[in-house]
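Worksheet: the structure to be examined is printed underneath.
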Amino acid sequence: MSNQGVATDGTSSKAGEVKISEESKSLQGGKKLSVLIVDDDQLIQMMHVALVKASGVDAEILIAENGEVAVDLCRSGKSFDLILMDKHMPIMDGVRATRELRKMGVKSMIIGVTACSMDYEVKPFIEAGLNECYQKPLDPEMTKSILAKLSKGN
Amino acid sequence: MDALQLKRQLITFTELLFREGFLDEQFHQLQQLQDEKNPNFVVEVVSLFFEDSERLLNELAKALDQQNVDYKKVDAHVHQLKGSSSSIGAQRVQRVCIVFRNYCNEKNVEGCLKCLQQLKHEYAIVKTKLEALFSLEQQILAAGG
């Protein structure tokens, strides 16, 4: 398995600075949330890391710069509560990566985040196995919504 | 100019940028993500946008200069620029990208070239405006604000 393209952003705990509501903390019950951000764009990686951290949730965040790295991580035994998946990436795009992850039996919540807005672009992405798809850029409200759904799922 | 005067200037300047459509609500979201643990977040993200944009504009110029234009490649570059411009709230740049993608779909080289010129123009303006905004913020800090 190649570890190329994986960055560990470390953990974050922002007690007292919850910008998303308390319901996002309740899902954890003391357990750290495991998040994988899959995007080849460094700017988007920074944004998504900041959004997850700003939610106030205690999270371990990993970054994969393409779908193949994400698949390799899961194949190696890593599991994630939440995967934020970009669509257009080199080597392996988000559609293929999502399909592969679901074929492997990965049960993580996989949220597509794409700059695509047309139905014909988004439909195959959703059909590959996403829980939901959002248009870029993610904002705090969308992040809150995602975490709330994760909470209900748990 | 003292810190208070500079702060007023910053507020007026920022309001103007929003009113004239250079920036949209996404830029506010960016500012809200900045905190004491990440004090240079906005400057870092916008700097990445500058780097990405300049690289992509060069790639677009090369791609459109080819005998046989690869519209898929052009579209991919525009798509990426659309993503990063929308992420920082560079509204005018993002809007040109939307029109540009339509011309790519139509394989309209004239339209694409026109959009490229517009993109270069809008990018140059928003870059100047953002640099001026950051410069004002630095002046406020230096003045003890």
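Using N, Cα and C of the backbone, Cβ positions are placed for all residues, glycine too.
Automated prediction, rather than curation, is the source of TrEMBL annotations.
The annotation compositional bias 'Polar residues' is assigned in TrEMBL to A:1-14.
Per TrEMBL, domain 'Response regulatory' is recorded for A:34-151.
Sequence-distant contacts of A:Asp86 (4-aspartylphosphate), defined as residues of its own chain at least six apart whose C-beta falls under 8 angstroms from its C-beta, comprise A:Val38, A:Asp39, A:Asp40, A:Asp41, A:Ile44, A:Gly94, A:Gly112, A:Val113, A:Thr114. In the three-state DSSP assignment, the secondary structure recorded for A:Asp86 (4-aspartylphosphate) is strand. Summarising the annotation, TrEMBL assigns 4-aspartylphosphate to A:Asp86.
As annotated by TrEMBL, region 'Disordered' applies to A:1-23.
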